[in-house]
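Asker: Pasting a structure below so you can have a look.
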């Protein structure tokens, strides 16, 4: 079996001229400097906008292994923007990332991101396109003087863990079967449509029998 991914190479019996095929990594320090210079150049180019780019939504990581954690997503959904009262075309011009493919599967995620958008909108300093003729929604001259470029991520997302105090385990919790409950919940979700169809057919047959 061939070695897979980044694991240890077991019993390496080298026959070919392997010294010539060793992968080197001498460009790593220079690459680090190049990335840093590119970040600084971009920050200067987009100033006074935030250096890290537009604001991102709070999303939950996929799969059972990671879904207890939240992280930054790609862009806000169209529904979130609609509830927050921001037009999708205007959003991109004021530093809000938009992802039209994303769907909100829960009310909690929708509310959290709408709140995030409203908070961002309240903190935002909008420069007028024409300084001589500011429009409605643009920031005042005093606010513009206070504006500085944000270097870190816009409204950093943090995982908050709530600590629970120690208590006595109840009898109900002792008798609870977690694995069986999960299997049953999955089975009920999977068979929901089939059972509904069978119930409907049974009801129709009963009506026909009564006739």
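Count begins at 1; order follows the chain as displayed.
Just so it is clear, glycine is given a Cβ too, placed from its N, Cα and C backbone atoms.
From Swiss-Prot, for reference:
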MOD_RES   16  N6-acetyllysine
MOD_RES   52  phosphoserine
MOD_RES   77  phosphoserine
MOD_RES   106  phosphoserine
CROSSLNK  123  SUMO2 cross-link
CROSSLNK  145  SUMO2 cross-link
CROSSLNK  174  SUMO1 cross-link
CROSSLNK  174  SUMO2 cross-link
MOD_RES   177  N6-acetyllysine
CROSSLNK  177  SUMO2 cross-link
Asker: For residue 145 (SUMO2 cross-link), write down the residues of its own chain that are at least 6 apart in sequence and whose Cβ falls under 8 Å from its Cβ; none is a fine answer.
Answerer: none
Asker: Cα-Cα, whole number of Å: residue 174 (SUMO1 cross-link) versus residue 77 (phosphoserine)?
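Answerer: So the Cα of residue 77 (phosphoserine) lies 42 Å away from that of residue 174 (SUMO1 cross-link).
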Asker: Compared by Cα position, which of the modified residues 52, 106, 177 is the closest one to residue 123 (SUMO2 cross-link)?
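Answerer: Going through 52, 106, 177 one by one, the Cα closest to that of residue 123 (SUMO2 cross-link) is 52.
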